[in-house]
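Residues or ranges marked as GTP binding site by Swiss-Prot on the basis of sequence analysis: 33-40, 60-64, 78-81, 145-148, 178-180. Feature annotation from Swiss-Prot assigns Mg(2+) binding site to 40, 62; the stated evidence is sequence analysis. Residues or ranges marked as domain 'EngB-type G' in Swiss-Prot: 25-199.
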C-alpha cells in the first residue's frame with residue numbers, strides 16, 4: 001500500500017459549483033464541515049503547510065469548492081463551510097444544493113471527511129452530509145476537531161456518543177478525535193486517506209471489467 005506524501009499537496013483550482021470542476025477522473029476525497037469546525041486548520045495540519053487552505057477569521061468566507069492535488073489523479077477537495085448564521089438564506093440554500101449535487105453526482109469521489117467541533121457534534125447539516133454520503137455509497141470519516149478543548153474523560157465520552165449515534169445511518173462511518181493544535185488524530189486521518197487513494201479509480205475499474 002502506498003503511503004502518500006501529503007506535504008507535496010498543492011492548490012489546483014477553485015470552482016463555484018460541480019459544473020466547473022475538472023474532469024471526473026482519478027480519486028477525490030472531500031472535506032466538509034460547519035464554518036467554524038476547523039476544516040482549513042485540519043487540511044493545513046495534514047499537509048504540514050501553514051496556509052494551504054486559508055483559515056478565515058470570518059466563518060463562511062469559503063464559498064468555492066477548492067481542489068488540491070496530492071499526486072497525479074489524487075485530489076483533496078475543500079467544500080464550502082456550511083451553517084454560518086450571517087450568510088443570507090438564499091446563499092445557504094445555494095451552497096447546500098451544490099454540496100448535495102457534488103456528493104450525489106461526482107463519480108471519482110471515494111471518501112468524505114466530515115469535521116465537527118467535538119463540543120457540538122452532529123448538528124442537522126452534519127447529519128445531512130453523512131446521509132447524502134451514505135445514500136451514494138461513500139465512506140465517511142468523522143473527525144471530532146478541537147479535541148484538546150476537552151479533558152480526557154469528556155473527550156472519550158463524546159467520541160463514544162458520536163460512534164453510537166452514527167450507527168443509525170447504516171453506512172461505513174469511522175469516528176476519530178482530532179486536534180490541529182496538538183496534531184493528534186493526524187495519523188488516523190492519513191491512514192484513511194491512504195486507503196481511499198490506493199483503491200482503483202471507479203472509471204478504471206469499469207474499463208478493466210469490460
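Backbone N, Cα and C define each Cβ position, glycine as well.
Between residue 80 (GTP binding site) and residue 40 (Mg(2+) binding site), the C-alpha separation comes to 11 Å. For the binding-site residues 36, 40, the largest tally of other C-beta atoms within 10 A is found at 40. Using a 10 Å Cβ-Cβ cutoff, residue 64 (GTP binding site) registers 16 neighbours.
DSSP assigns residue 80 (GTP binding site) to coil, not to a helix or a strand.
The average pLDDT computed over the domain 'EngB-type G' (25-199) stands at 91. Looking only at other Cβ atoms within 10 Å, the busiest spot among the binding-site residues 39, 146 turns out to be 39.
Residue 178 (GTP binding site) has a Cβ environment of 28 other Cβ atoms inside 10 Å. For residue 33 (GTP binding site), the number of other Cβ atoms no farther than 10 Å from its own Cβ, over all displayed protein chains, is 27.
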